[in-house]
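Asker: Below you'll find the structure I mean.
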Amino acid sequence: MAGEELLPSSVWTLSTYQQGALTLELPELIQLVKPLWKSKHNLQGPKKRGMFENEDALSDYQGDAQVRGQAGVLSERRGSFPFIDFRLLNTTANSGEIGTKKKVKRLLSFQRYFHASRLLRGTVPQTSLHLLDEDYLGQAGHMLSKVGTWNFDIFLFDRLTNGNSLVTLLCHLFNSHGLIHHFQLDMVKLHRFLVMVQEDYHNQNPYHNAVHAADVTQAMHCYLKEPKLARYLTPLDIFLGLLAAAAHDVDHPGVNQPFLVKTKHHLASLYQNVSVLENHHWRSTVGMLRESGLLSHLPVEMTQEIEQQLGSLILATDISRQNEFLGSFKIHLDNDALSLEDAEHRHFILQIALKCADICNPCRVWEMSKQWSERVCEEFYRQGDLERKFELEISPLCNQHMDTIPAIQIGFMTYLVEPLFDEWRRFTDNTPLTEAMMKHLRKNKARWRALHHNQHHRGDDGSGQRSEVVEAGP
């Protein structure tokens, strides 16, 4: 059958563990991990200043990104490929230096070795996790009691958790789904891993940051509760689905694959220009799993299979493979060929669910959907500005003088979101959640069409799109 290659060959089930009902409330979870974080903070010592306190370390650093710590999946060493700092690049460009591909690559390499110096000095990001007052803690806990509702406001939740929405959300979901008890997860290791994941997202990115990861994870949680799917899911399915959602964009540089390819970035070379970012997200996650030791108590064969299945899910988010997955999904539905008792078919639906969660912003209520739209376009425009400064070809959708937010969103909804969610509606048999999502999608598209019409009527050339979009009508 077409699309069979999208399905993994096998999926492990953890029959040796029993599903438990042990759950903890949010304050209890926080109290468990707070002493750990305080002790970690105290061990960091005084913060060092300056760029290269240990410049000699640079000459010894080989920049080896791949580590085979055990048999199986190649992982990436955490921090080997640091965030692309637009401020550094823009400062150089504004100083009058003529931009070339070679200079872009040299600047990125400089950042790589500077970041290596930080790691070799033992500098750890100073982050205060969960040290919230009782009022904020209570409000966050109240929000988590409604985490399965589609109008969950992830932006408010991120503020209430002091910017730690991803860690707090994952701790809660792992606990409420019984995964901590089922897999006998060590709370210290779990917290260490989740902090690693959250810290390896870059808040400088307007869109691809930890809040986006938390939003996708919350959407994935909602999809895992859909009746047609929920009754067949194993604890391993839920574990993989939530973990893949949380880590699917980890260490995203804020630029797309074509940018990395045309600047000959080391990630593009490493992954031979194929699913460059998705491979990086996956291998980085594997590296953090191993570094944290989260799964070290499980059999080696089982952890290797988990790593492979995690990669299968994250690689499915490559938007260039959209038609491949959509075509396979349609064939399965047309032929009534999905059997969710089959582990491979469940995994395929998890891939589709993650793809839906990743692009579900247009299906949210307008206030949140609009904010996400402005954020992703801001990230596009930043890339376009960088390409313009360095005399590179401006990537599609990245020219703020030509590509307006309404036009981008209308095209995104028409060609990517609607076709995928039409099939998801077929699969779920049009549940209340699906009806709500499709209703928001229709309304949001109508609003963007109205805004696009108003811009066209005014003769707006699309410039200045970084300012907030003014809504047309009530």
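Along the chain as shown, residues are numbered 1 onward.
Cβ coordinates come from backbone N, Cα and C, glycine included.
Copied straight from TrEMBL:
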- 132-455: domain 'PDEase' (DOMAIN)
- H208, N209, A210, V211, H212, D249, D358, Q409: AMP binding site (BINDING)
- H208: active site, proton donor (ACT_SITE)
- H212, H248, D249, D358: Zn(2+) 1 binding site (BINDING)
- D249: Zn(2+) 2 binding site (BINDING)
- 452-474: region 'Disordered' (REGION)
Asker: Which residues, in sequence order, are found in the same chain with Cβ within 8 Å of the centroid defined by the Cβ atoms of H212, H248, D249, D358 at the Zn(2+) 1 site, excluding those residues themselves?
Answerer: H208, A213, V216, A245, H252, T317
Asker: Please report the Cα separation of Q409 (AMP binding site) and H248 (Zn(2+) 1 binding site) in Å, rounded to an integer.
Answerer: 22
Asker: How far apart, in Å, are the two Cα atoms that lie farthest from each other among H208, N209, A210, V211, H212, D249, D358, Q409, the residues recorded as binding AMP?
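Answerer: The widest Cα-Cα gap among those binding residues is 22 Å.
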Asker: If you count Cβ atoms within 10 Å of the Cβ of D358 (AMP binding site), leaving out that atom itself, what do you get?
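Answerer: A 10 Å sphere around the Cβ of D358 (AMP binding site) contains 20 other Cβ atoms.
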Asker: So what's the average pLDDT for the domain 'PDEase' (132-455)?
Answerer: 97
Asker: Measuring C-alpha to C-alpha, could you say which of the binding-site residues N209, V211, D358 are within 10 Å of H248 (Zn(2+) 1 binding site)?
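Answerer: D358, listed in sequence order.
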Asker: Let me spell it out: for each of the binding-site residues (H208, H212, H248), count the other Cβ atoms within 10 Å of that residue's Cβ, using every protein chain shown. Which one has the most?
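Answerer: Counting Cβ neighbours within 10 Å, the top one is H248.
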Asker: By Cβ count within 10 Å, point out the most packed of the binding-site residues listed: N209, Q409.
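Answerer: That would be Q409, with the most Cβ atoms nearby.
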